[in-house]
């Protein structure tokens with residue numbers, strides 16, 4: 001995060017001293033295409049200055065005797081930023097990192113440019129991993145915890161580079177000076193990394209997720225003909241993760257080539273992968289590791305699908321509220337099928353969806369007519 005300007009040709013714009021060295025506010029462009037703008041004293045950076053690196057990243061702070069000292073901000077080429085404490089040009093001390101959306105993604109310390117001690121790594125979905133990093137700055141050890149978005153429910157145990165190996169259910173009880181304290185349930189089952197494949201939905205199919213189990217349950221849907229549905233076990237505010245959507249991982253081509261009757265529990269994860277909960281795993285007696293596939297469709301949903309990095313299942317999707325929900329309220333999402341056959345704005349709609357959409361339009365038209373009258 002610094003420019004190695006030794007033995008480099010440079011072009012100086014600004015005042016020079018009697019030895020033709022930068023002296024005062026100058027702009028120095030190096031042969032590497034890196035550029036520095038700031039204050040110099042007889043050829044050495046002294047005072048406020050900023051590096052503009054060839055890859056689009058920048059480094060800004062206060063220089064003393066040619067080295068960055070104290071608070072500095074390194075901005076990545078994608079707009080993310082690292083705010084840290086520098087000693088003689090190297091990160092040594094507390095630091096925070098933010099992604100390009102301004103969300104906190106790291107909180108902890110650095111030593112000689114490497115993450116050090118107790119560190120927190122945050123995911124955009126609201127969860128985090130916390131623990132003492134190893135000598136390489138990796139979240140590896142036997143006393144690391146994954147903390148769910150509620151900030152309390154946790155899996156505490158062994159991780160390698162932030163990935164779950166095995167852990168027990170725990171509760172984050174207190175924090176003191178950035179150091180968490182957990183109470184581990186000695187009777188908890190062991191949770192392990194259990195990412196699905198194209199043929200295996202999970203190794204431990206009947207092991208419920210502890211966070212999800214506190215928030216939802218499956219019951220008879222209030223929607224006519226929908227079968228089972230997903231319900232809130234407790235009140236929840238808007239933007240709350242309620243359930244997870246894990247399944248086997250198949251391709252879009254496979255989904256598109258088969259009959260619609262086989263696609264009742266499919267959801268697109270990304271441009272390459274579709275998550276599917278096929279029979280018999282659509283029944284909770286055969287699979288209950290995640291329950292997100294039980295959420296039914298509504299044109300007036302109270303939830304949405306969102307990306308989620310799960311400690312057991314890896315990159316999946318979750319069910320997240322878009323408004324406050326009451327205890328025992330059915331959780332619904334918009335499936336996002338294409339309403340127009342020629343539109344191709346989303347997956348082609350099955351017959352039941354098209355029928356429900358027409359009925360919804362008729363109801364909305366009726367409401368509009370009543371309001372006009």
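Cβ from N, Cα, C; glycine included.
Given the structure is predicted, the values throughout are model-derived calculations rather than measurements.
What Swiss-Prot records for this protein:
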DOMAIN    214-336  domain 'SET'
REGION    1-20  region 'Disordered'
REPEAT    36-58  repeat 'MORN 1'
REPEAT    59-81  repeat 'MORN 2'
REPEAT    106-128  repeat 'MORN 3'
If we skip the immediate neighbours and take only residues 6+ beyond the ends of the repeat 'MORN 2' (59-81), which ones have a Cβ under 8 Å from one of its Cβ atoms?
1-2, 38-39, 44-51, 53, 87-89, 97-100, 105
What average pLDDT does the predicted model assign to the repeat 'MORN 1' (36-58)?
97
Of the residues in the domain 'SET' (214-336), how many are helix, strand and coil by DSSP?
12 helix, 50 strand, 61 coil
